[in-house]
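Trainee: One structure follows; several queries about it will come next.
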């Protein structure tokens with residue numbers, strides 16, 4: 001394929017988005033819009049890329065900071081696409097290969113389409129190849145004008161076209177492949193004598209023909225690939241097509257998606273074979289789902305890793321977590337920055353806050369909240385409990401209503417519960433405190449001192465029964 005560079009036009013503000021955020025940075029299925037053509041160009045085999053930036057240039061630079069092969073060119077005034085490409089010339093000084101030109105607001109172009117255009121460009125010996133498509137309603141697009149031999153002789157913008165030219169349905173997709181020597185010479189000679197007063201890149205088609213160079217068209221069958229995004233309605237439409245593409249690829253790889261139209265999976269997510277994804281699920285960020293999992297209705301998983309055989313019930317929310325294999329997350333549970341080992345069950349309606357680590361075969365039941373704790377293998381807290389700033393050993397039973405009192409109004413303190421401890425219901429641990437292994441904490445106890453191993457701790461007022469008291473109260 002030879003040496004290949006790409007110029008991606010991303011300098012426009014995007015007024016029709018009616019947003020404080022520059023258009024090309026609006027998210028599309030998990031990535032800024034401009035990241036899609038950047039990735040397509042990378043997969044097409046480019047060795048160098050130049051992003052032409054203008055409005056909110058620093059925002060775009062920051063997103064791509066550290067990205068290999070990406071350089072930036074500043075277009076301080078947006079004077080048209082020809083001016084934008086000319087702005088990138090210095091960044092490709094000395095480059096003698098072929099140059100792809102893409103638009104940052106045309107996100108759905110496929111790498112395969114770009115490779116096909118590059119191959120056709122080389123096979124025909126063209127100086128310039130224009131990607132085209134046919135539209136039922138071509139309004140707003142530049143029309144392709146061909147010569148008798150089928151070559152492209154010029155492109156006419158909508159506002160400059162005659163009625164006959166406006167009737168043509170083959171349109172310019174705004175994506176090109178050009179020989180670098182021709183391109184960078186041509187863009188220095190573009191004028192702005194047109195209805196918009198701009199420097200149109202399309203004028204280089206006429207220049208190629210005037211120089212006796214070949215200019216060809218490479219048609220793309222699916223117009224969706226070259227749809228532009230100018231407002232939020234079009235952004236939503238592009239998002240729908242992007243999700244269709246993502247979901248179809250996953251299904252062809254062995255994932256069951258019950259209702260693809262109602263399933264929202266970002267392009268960065270990976271889902272293993274034989275996993276079933278139900279309607280209303282959102283998988284976003286760098287999420288990794290193992291094989292044989294079940295993700296039920298309305299679950300939200302962001303930036304998390306799930307091992308094989310996990311089950312996530314309806315309405316669960318998992319953010320920045322790492323789950324082992326065969327973990328059960330029951331309905332309505334919320335987890336953030338937690339590490340969960342194999343064969344552990346969470347919920348329903350549990351809340352695991354940052355810093356939670358649960359070892360294998362742990363059970364966290366309904367209305368249990370944890371924060372900055374480790375819980376050893378086989379331990380369980382089945383219901384109505386708060387565990388914060390605690391280290392809990394193996395095979396510990398935490399009774400209903402247990403609370404670690406970890407905050408004294410100034411500092412947080414830790415509770416340590418060693419292996420094989422049984423904690424009865426309605427127990428408070430006033431930290432800092434340590435409970436030795438194999439101890440029993442009686443129900444209703446407030447623990448304020450360390451408990452030795454193999455001990456019974458009981459701290460509650462003795463029960464007093466007053467016979468006949470209720471009858472005496474009634475007679476008064």
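Glycine too: its Cβ is placed from the backbone N, Cα and C atoms.
Straight out of Swiss-Prot:
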REGION    1-232  region 'Pyrophosphorylase'
BINDING   9-12, 23, 75, 80-81, 142, 157, 172, 230, 353, 371, 386, 397  UDP-N-acetyl-alpha-D-glucosamine binding site
BINDING   105, 230  Mg(2+) binding site
REGION    233-253  region 'Linker'
REGION    254-476  region 'N-acetyltransferase'
ACT_SITE  383  active site, proton acceptor
BINDING   406, 407, 425, 443, 460  acetyl-CoA binding site
Trainee: Tell me the Cβ neighbour count for residue 11 (UDP-N-acetyl-alpha-D-glucosamine binding site), meaning other Cβ atoms within 10 Å of its Cβ, over all protein chains shown.
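Mentor: There are 26 such Cβ atoms around residue 11 (UDP-N-acetyl-alpha-D-glucosamine binding site).
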Trainee: Over the region 'Pyrophosphorylase' (1-232), what does the predicted model average in pLDDT?
Mentor: 94
Trainee: Between 386, 407, which of the binding-site residues has the fewest other CB atoms within 10 angstroms in the structure shown?
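Mentor: Candidates: the binding-site residues 386, 407. Fewest Cβ atoms within 10 Å: 407.
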Trainee: In sequence order, what residues of the same chain, 6+ apart, have a Cβ less than 8 Å from the Cβ of residue 353 (UDP-N-acetyl-alpha-D-glucosamine binding site)?
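Mentor: In sequence order, the residues whose Cβ lies under 8 Å from that of residue 353 (UDP-N-acetyl-alpha-D-glucosamine binding site) (at least 6 apart) are 336, 337, 338, 369, 370, 371, 372, 388.
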Trainee: Can you tell which of 9, 443 has the least company, meaning the fewest other C-beta atoms within 10 angstroms of its C-beta, among these binding-site residues?
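Mentor: Looking at the binding-site residues 9, 443, the Cβ with the fewest others within 10 Å is that of 443.
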Trainee: Tell me the Cβ contacts of residue 80 (UDP-N-acetyl-alpha-D-glucosamine binding site) under 8 Å, same chain only and six or more apart in sequence, or just say none.
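Mentor: Sequence-distant Cβ neighbours: 190, 192, 196, 198, 199, 200, 201.
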Trainee: For residue 23 (UDP-N-acetyl-alpha-D-glucosamine binding site), what is the secondary structure state per DSSP, taken as helix, strand or coil?
Mentor: helix
Trainee: Using C-alpha positions only, work out which of the recorded positions 11, 383, 407, 425, 443 is nearest to residue 230 (Mg(2+) binding site).
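Mentor: Out of the listed candidates, the nearest Cα belongs to 11.
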Trainee: Mind checking how the region 'Linker' (233-253) divides into helix, strand and coil residues in DSSP?
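Mentor: Tallied per class, the region 'Linker' (233-253) gives 20 helix, 0 strand, 1 coil.
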Trainee: How far is it from residue 105 (Mg(2+) binding site) to the residue listed as 'active site, proton acceptor', counting Cα to Cα, in Å?
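Mentor: It is 51 Å, counting Cα to Cα.
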Trainee: According to DSSP, which kind of secondary structure is residue 142 (UDP-N-acetyl-alpha-D-glucosamine binding site) found in, if we only use helix, strand and coil?
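Mentor: In the DSSP reduction, residue 142 (UDP-N-acetyl-alpha-D-glucosamine binding site) maps to coil.
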Trainee: Write out the long-range same-chain contacts of residue 460 (acetyl-CoA binding site), meaning residues 6 or more apart in sequence whose Cβ is under 8 Å from its Cβ.
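Mentor: Set apart from residue 460 (acetyl-CoA binding site) by at least 6 residues yet with Cβ under 8 Å, we have 442, 444, 445, 446.
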